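*Asks:* So that we are looking at the same thing, I have put the structure below in structure tokens.
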Amino acid sequence: DVVETQEHYKSRWRSIWIMYLTMFLSSVGFSIVIMSVWPYLQKIDPTADGSFLGWIIASYSIGQMIASPLFGVWSNYRPRREPLVVSTAISVAANCLYAYVHVPPSHNKYYMLTARALVGFGAGNVAVVRSYIAGATSLTERTSAMANTSACQAIGFILGPVFQTCFTLIGEEGVTWKLIDLQLNMYTAPVLFGALLGIINIILIFAVFREHRVDDMGRQCSSINFEGEESGVPDQDAEGNVDHIAVVAMNFLFFVILFVFAVFETIATPLTMDMYSWTREEAVFYNGIILSVIGVESVTVFMVVKMLSKRTGERAILHAGLLIVLIGFFILLPWGKKLPNIQWQEIKNNSIPRTVSSEMVIPFWSLQAMQLPSNHSEPVGCPVAQSWCLNTPMIYLAQYISSDILIGLGYPVCNVMSYTLYSKLLGPKPQGVYMGWLTASGSGARILGPVFVSQIYTHLGPRWAFSLICGVVIISLLVLEIVYKRLIAFSVRYGRMQE
């Protein structure tokens, strides 16, 4: 056994903090432009429609899904500094491309699509980040380190829109630097700021980051990524096979967790517009506040779960987190008798569109709600084109807020416990590829979730949409029960440590 020196300990944690920063910058790269993509797209290419906006938003996750396994394989056989620097450099270049998408005379929307896909491709380094943290921490340090990583990711998602808001002070016209044909405005300044942060990150990776690895008990050891920066012995505890049934189960559970959260984020705006007759501006504003509060709640949960896991263990907390998410979506099911207000513009001259069945009865109070409110310049309420609006009870605001609180509590719990259990399952084995697949499954969930819920909600309504989500979560709970006893640390499974 090689005892870890104080110098090695400090260097190891400095490197882990660089990984926290990399995770933070990766999430900032996604969220810093999310509020301004649509107006910028309309400005540079009037031919772009709402469906193309969906592709631009999804391109980030598609790029990350493709890149994660590739960077994971790279990190297994080469020093991790290489994929970290290359991936960050790709993100920097992609942000610069985004700032120049207005320059070409045509097809500007495709340049924007390419830029966002490349930013997502660069964000595939989160697999490298988590595999490094898993290998550079002992079992007792792992939960705390994974919670800190997820907290940095959540803070990045929260602060990205804040940065964007600050840059709106520059204005839509901004300043033009003709020499290099650069427009510095509210759309380009955020991505250029992101590029600057990426350059700083690359400098820190070269200056501070070092390859370190410890075994599950915290003993210093060497690995395939060894660069001569540490002294150690080969890890003899790496002998043994990974429980692939447990690995597949954790990938499925992680997919479900990100799938339901993507559904929750996607459905917030249309649901509140339909149920509460909010305008687009009101829906974006109020839901922005709600998501910000949930973000703060999530960071708090990340901190609390580190202490709680020492008493109850990760499996029990994951189980509780899934139950909380299930209750959160169950609360969203329509139970009352009051129907939502019907959008006034859809019904003219007392005629009902053909999409609505003639057998449906529209109550008197719904007909009254079709009048145009004097303070709205756009149609509000539930559109008659969604036939379920005429017979599905509304979801009360108290239900919606309660659901937000519960999902905001359950999701971060499930997120941290998934990564922690997954890394412990793999133990001393190289985790780059495995973490790549886990990240890819999460990216796939973020792509499929919005597509799924938009189709089901639009055609069948919230009762079907949220019932199906509850069913998916129940299936995940059953899977967790089946593999519960297999979700133990690699060293515990082979009798090298006590659970």
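Glycine too: its Cβ is placed from the backbone N, Cα and C atoms.
Quick paste from TrEMBL:
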DOMAIN    15-488  domain 'Major facilitator superfamily (MFS) profile'
TRANSMEM  17-40  transmembrane segment
TRANSMEM  52-72  transmembrane segment
TRANSMEM  84-101  transmembrane segment
TRANSMEM  113-133  transmembrane segment
TRANSMEM  154-171  transmembrane segment
TRANSMEM  191-209  transmembrane segment
TRANSMEM  245-264  transmembrane segment
TRANSMEM  284-305  transmembrane segment
TRANSMEM  317-336  transmembrane segment
TRANSMEM  400-422  transmembrane segment
TRANSMEM  434-458  transmembrane segment
TRANSMEM  464-484  transmembrane segment
*Asks:* Any residues 6+ beyond the ends of the transmembrane segment (245-264) with a Cβ under 8 Å from its own?
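*Replies:* Non-local partners: 318, 322, 325, 329, 407, 411, 414-415, 418, 421-422, 425-426, 434, 437-438, 441-442, 444-446, 448-450, 452-453, 465, 469, 472-473, 475-476, 479-480, 482-483, 486-487.
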*Asks:* Out of 17-40, 84-101, 154-171, 191-209, 434-458, which stretch touches the transmembrane segment (284-305) the most, going by CB pairs under 8 Å?
*Replies:* 154-171
*Asks:* Using a threshold of three or more Cβ pairs below 8 Å, and leaving out pairs closer than 6 in sequence, do the transmembrane segment (434-458) and the transmembrane segment (191-209) count as in contact?
*Replies:* no
*Asks:* Quick one: do the transmembrane segment (17-40) and the transmembrane segment (400-422) reach 3+ CB pairs under 8 Å, ignoring pairs fewer than 6 apart in sequence?
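*Replies:* Contact criterion not met.
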*Asks:* Between the transmembrane segment (317-336) and the transmembrane segment (434-458), do 3 or more CB pairs sit under 8 angstroms, pairs being 6 or more residues apart?
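*Replies:* As far as Cβ distances go (cut-off 8 Å, pairs 6 or more apart), the transmembrane segment (434-458) and the transmembrane segment (317-336) do not touch.
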*Asks:* Considering only Cβ pairs under 8 Å, which range in 52-72, 84-101, 113-133, 400-422, 464-484 makes the most contacts with the transmembrane segment (317-336)?
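*Replies:* Per the Cβ count, the answer is 400-422.
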*Asks:* Can you work out which residues elsewhere in the same chain, 6+ from the ends of the transmembrane segment (84-101), have a Cβ less than 8 Å from its Cβ atoms?
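*Replies:* Counting only partners 6 or more residues beyond its ends, the transmembrane segment (84-101) has Cβ contacts under 8 Å with 22, 25-26, 29, 33, 44, 67, 71, 108, 111-112, 114-119, 121-125, 128-129, 181-183, 188, 191-192, 194-195, 198-199, 201-202, 205-206, 209.
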*Asks:* Same chain, outside the transmembrane segment (464-484) by at least 6, Cβ under 8 Å from its Cβ: which residues?
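*Replies:* Result: 245-246, 249, 252-253, 256-257, 259-260, 263, 267, 315, 318-319, 322-323, 325-326, 329-330, 332-333, 453, 456-457.
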